[in-house]
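Q: Pulled these features from TrEMBL for this protein:
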BINDING   R16, Q17, A18, G19, R20, D66, Y142, S197, H312  substrate binding site
DOMAIN    11-20  domain 'Uroporphyrinogen decarboxylase (URO-D)'
DOMAIN    130-146  domain 'Uroporphyrinogen decarboxylase (URO-D)'
SITE      D66  site 'Transition state stabilizer'
Amino acid sequence: MLDGEVAAKPPVWLMRQAGRYLPEYRELRATTPTFLDLCYNPKLAAEVTLQPIRRFGFDAAILFSDILVVPDALGLPTSFETGHGPKLQPVTTAEGFAALHEAVDMERLAPVLETVERVRGSLPAETALIGFCGAPFTVASYMVAGAGTPDQGPARALAYRDPDLFARLIARVTDASVTYLSAQLAAGADAVMIFDSWAGVLPRLEYERWSQEPLARIVSGVRARHPGARIIGFPRVSGGQLLRAATTGVTALGLDIAVDPHWADGALPAGLPLQGNLDPKALIAGGRALDDGVDDIRSALARRPHVFNLGHGITPDTPIPHVERLVARLRA
Ligand code: CP3
């Protein structure tokens, strides 16, 4: 589908498809002290990646890891505390920036690449394996705040107060992302996705500098090493920002739930594959809400390459029968 064909039945996978809504995930997660221990354990991470494929037969698997392994491999102490989300040593000064590694430590990320190799070796040939990283703005926003925030206020304030320092931080994460995604493709990923979950907090000028340009640089950097690499961009933006994201060279764009897929079909370049964008709440609701949401998105994107997905990650309160209903409706 990322190669441009239009299918009568769109392929489907779900963001965060390996996770806490699955009892088999919760069982395995309980065997490691921390979430990062699971991310850095190739045998267990591969198993978790495969769990939703076995259960639902999705058309793609997404590598089980996290976007914050990149700051960790740049030498920034990173942890996840159950119930509190991520915790990092905040980078807010030139001294803090100077403490980072110049280049991403690929030794630290070796277990993730081993997970990619293991999963590709176990997946059916017809199931794609998607690798990923966070986009520089989204990753940097956690590095600056040191934790999750409601609006990434600390990173936005730093970008206005000291744009030179913020530019150096963005450039460091951009270079790390090129190295890391290239290594995932070399290890067997069929495509890679770049999550810019927080791009939507940026006004036009800031979006261009901190989200759009770094995305374009990652695309050209990865393609210099892997010509033809399939790269899915997922900047959670709409309107003009989404039109600009389409100029970065990405193979496909993921749509957030706020994007009207009928508008997207008319506004975005013909033939550009789109991924998305069912509301995770409709999947929780099930029944008519689910069916109507699915049918509307399918009809909007029927004339172009479309990969069915959610518009944001699946949440732990999602009933498993509703996921089965979604897949059955798409395949009927
Ligand atoms: O999609 C998948 O199934 C693959 C794995 C994956 C995870 N995180 C696993 C995870 C992917 C692709 C991500 C991306 C990610 N991580 C993003 C971008 C997408 C988005 O959701 O906006 C972001 C911003 C993060 C950072 C992150 N990781 C936060 C803020 C949190 C805590 C909040 C939460 O949802 O728990 C995480 C933890 C995390 N990442 C979990 C999982 C399965 C939960 C950890 C657990 O099991 O306790």
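Just so it is clear, glycine is given a Cβ too, placed from its N, Cα and C backbone atoms.
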Q: How long is the line from the C-alpha of A18 (substrate binding site) to the C-alpha of D66 (site 'Transition state stabilizer'), rounded to the nearest angstrom?
A: 12
Q: If you check the recorded positions R16, A18, D66, Y142, H312 one by one, which have a CB less than 6 Å away from any atom of ligand 1?
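A: Checked recorded positions vs ligand 1; flagged R16, A18, D66.
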Q: Out of these binding-site residues, R16, H312, which one has the fewest other C-beta atoms within 10 Å of its own C-beta?
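A: With the binding-site residues R16, H312, fewest surrounding Cβ atoms within 10 Å: R16.
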Q: Y142 (substrate binding site) to D66 (site 'Transition state stabilizer'): how many Å between their Cα atoms?
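A: On Cα coordinates alone, these residues lie 13 Å apart.
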Q: Would you mind listing the long-range same-chain contacts of the domain 'Uroporphyrinogen decarboxylase (URO-D)' (11-20), meaning Cβ under 8 Å and 6+ residues beyond its ends?
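A: Those are 1, 26, 29, 48-49, 51-52, 56, 58-62, 64, 130, 307-310, 312-316, 323, 326-327, 330, in sequence order.
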Q: Return the member of R16, R20, H312 nearest to D66 (site 'Transition state stabilizer') in space, with distance defined Cα to Cα and candidates limited to these binding-site residues.
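A: Of all the candidates listed, R16 is nearest in space.
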Q: Rounded to a whole number, what is the top Cα to Cα distance in Å among the residues the record ties to substrate, namely R16, Q17, A18, G19, R20, D66, Y142, S197, H312?
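A: The two farthest binding residues have Cα atoms 23 Å apart.
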Q: Going by DSSP assignments with H, G and I as helix and E and B as strand, what are the residue counts for the domain 'Uroporphyrinogen decarboxylase (URO-D)' (11-20)?
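A: Counting residues per DSSP class in the domain 'Uroporphyrinogen decarboxylase (URO-D)' (11-20), I get 0 helix, 1 strand, 9 coil.
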Q: Using Cβ atoms only, which residues of the same chain lie under 8 Å from R20 (substrate binding site) while being at least 6 residues apart in sequence?
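A: Result: R26, R29, P316.
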Q: Need the DSSP three-state call for H312 (substrate binding site) to compare against my parser.
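A: Note: H312 (substrate binding site) is coil by DSSP, not helix or strand.
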Q: Using DSSP and three states only, what is D66 (site 'Transition state stabilizer')?
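A: Coil, per DSSP.
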Q: Quick check on the recorded positions D66, Y142: which one has the highest count of other Cβ atoms within 10 Å of its Cβ?
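A: When each Cβ's neighbours within 10 Å are tallied, Y142 leads.
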Q: Over all shown protein chains, what is the count of other CB atoms within 10 A of the CB belonging to A18 (substrate binding site)?
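A: A count of 24.
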Q: Reported in the order helix, strand, coil, what are the DSSP residue counts of the domain 'Uroporphyrinogen decarboxylase (URO-D)' (130-146)?
A: 10 helix, 5 strand, 2 coil
